[in-house]
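Asker: Okay, these came from TrEMBL:
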| type | residues | note |
| --- | --- | --- |
| DOMAIN | 72-451 | domain 'Cation/H+ exchanger transmembrane' |
| TRANSMEM | 76-98 | transmembrane segment |
| TRANSMEM | 118-136 | transmembrane segment |
| TRANSMEM | 148-167 | transmembrane segment |
| TRANSMEM | 245-269 | transmembrane segment |
| TRANSMEM | 290-310 | transmembrane segment |
| TRANSMEM | 346-366 | transmembrane segment |
| TRANSMEM | 371-394 | transmembrane segment |
| TRANSMEM | 433-452 | transmembrane segment |
Amino acid sequence: VRGVNFEAVLRVEEDEANSKRNASKREVDDDLGLSMLIDSQNNQYILTKPRDSTIPRADHHFIKDIVTIGMLSLPCGWLCTTIGLPTMFGYIICGVLLGPSGLNSIKSIVQVETLGEFGVFFTLFLVGLEFSPERLRKVWKISLQGPCYMTVLMIAFGLLWGHLLQIRPTQSVFISTCLSLSSTPLVSRFLAGSIRGDKEGDIDYSSVLLGMLVMQDVQLGLFIAVMPTLIQAGVSTYSSIFKEILRILILIGQILFSLAAVFLICLVIKTYLIGPYYRKLHAESKGNKEILILGITAFIFLMLTITELLDVSMELGCFLAGALISSQGHMVTEEIMSCIEPIRDFLAIIFFASIGLHVFPTFVIYELTVLLFLTLSVVIMKFVLAVLVLSLILPKTSQYIKWIVSAGLAQVSEFSFVLGSRARRAGIISREVYLLILSVTTLSLLLAPALWRAAIMKCVPRPERRSST
């Protein structure tokens with residue numbers, strides 16, 4: 001009567017599935033096993049809490065899923081490396097092959113995605129760890145102004161197109177912000193080994209590009225922090241425009257208060273705690289890196305918990321944890337990065353594989369023409385906007401580097417996968433929009449090497465070009 005849907009499920013005990021066991025054994029274990037629910041579509045759900053918690057139990061489906069992902073991700077990543085693509089494409093392909101659109105062999109999808117979240121946490125920690133004010137000192141004005149202008153212009157174009165296509169403003173803002181970000185790891189690989197010019201009055205393109213990418217990473221952390229407010233702002237609860245504007249202003253005030261509290265706590269930690277804490281860890285970890293890894297992980301989780309309690313996203317806490325530790329100097333950053341990177345790499349494999357679980361190749365094949373058009377439109381728009389912005393903020397003596405920097409910023413960051421998964425879970429975007437974001441991001445990253453080589457061949461002098469390519 002009230003529109004409630006009921007569905008019958010079948011509950012199967014773990015030990016009842018084994019018909020070879022005798023009756024007495026079955027009676028003893030009947031109340032001890034892990035239960036399974038099977039719905040009308042034959043989906044299986046393992047109940048995570050056993051009836052008797054005194055007996056150790058394990059979810060064998062989850063173990064098999066992680067083992068399978070670990071084994072299949074190696075040849076997939078290896079293949080992508082061989083043909084010159086980032087390894088993350090291989091991990092996504094691994095998830096596609098094992099997911100519902102492929103072999104459908106992953107049973108514990110929720111557990112796999114939960115473990116993949118830790119890959120996001122450690123990735124953002126390392127992004128914060130690479131945030132160094134010293135690297136931005138020479139080009140700080142360009143690094144600050146460029147990404148801000150580009151993001152504002154992208155959002156303005158997004159709202160315009162959203163109005164023409166009758167898309168909700170919150171969804172338009174989200175999509176535009178996702179597409180405004182560029183991939184720091186991919187561009188860092190492009191810049192590896194490049195010669196950095198130090199001519200008087202000249203600005204090196206690698207410094208400008210890295211500076212703008214770092215500021216985009218800061219924008220990423222702030223945008224993740226305000227996503228809960230964006231979600232609440234998108235839910236209209238009042239018919240009056242005045243009340244709606246007042247509600248949005250209150251939400252903005254709340255997020256600004258939370259951010260102010262977070263940064264005040266960070267200032268206290270940086271001034272009084274982080275230095276003694278790291279020195280103590282360093283002294284205790286001599287000959288035993290386990291203490292250092294555990295101490296850094298505990299600090300990441302502490303910052304994660306603080307931002308969560310202040311109603312700001314956990315990911316921002318991870319980023320701030322890295323930024324606080326990076327304030328201790330280059331040697332500290334290098335030591336911690338060498339310890340945390342292997343953990344991040346393994347968990348990132350799980351995260352990108354979990355992204356692949358939601359990718360359907362049939363959607364890409366059916367909509368390939370539309371996806372190619374959208375990808376080319378986004379890449380060209382980002383390139384043109386970057387050229388216009390850099391033409392305004394670069395010194396006249398360094399105008400030639402705007403083409404190279406714009407080529408490096410034209411693709412879409414892999415962090416749009418992170419933002420997209422958050423928005424899909426929160427209901428900001430639909431399933432179709434989520435698949436579009438994944439597809440456009442992937443295709444733009446595939447186009448990035450060709451665009452970068454073209455810019456290098458056209459604008460970089462021959463000695464520098466040889467090492468940059």
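Residue numbering: from 1, along the chain as shown.
Backbone N, Cα and C define each Cβ position, glycine as well.
Can you walk me through where each of these features ends up in the structure?
Answerer: If one looks beyond the transmembrane segment (76-98) by at least 6 residues along the same chain, the residues whose Cβ comes under 8 Å of a Cβ in the stretch are 65, 68-69, 104-106, 185-186, 189, 348-349, 352-357, 359, 361, 414, 442, 445-446, 449.
Beyond the transmembrane segment (290-310), the same-chain residues lying 6 or more positions past its ends with a Cβ under 8 Å from any Cβ of the stretch are 121-122, 125, 225, 258, 261-262, 265, 277, 281-282, 284, 316-318, 320-321, 324-325, 335-336, 339-340, 343.
Remote same-chain partners of the transmembrane segment (371-394), defined as residues 6 or more beyond its termini with a Cβ less than 8 Å from a stretch Cβ, comprise 141-142, 145-146, 149-150, 153-154, 157, 179-180, 182, 203, 208, 364, 401-403, 405-407, 409-412, 436, 439-440, 443-444, 447, 451.
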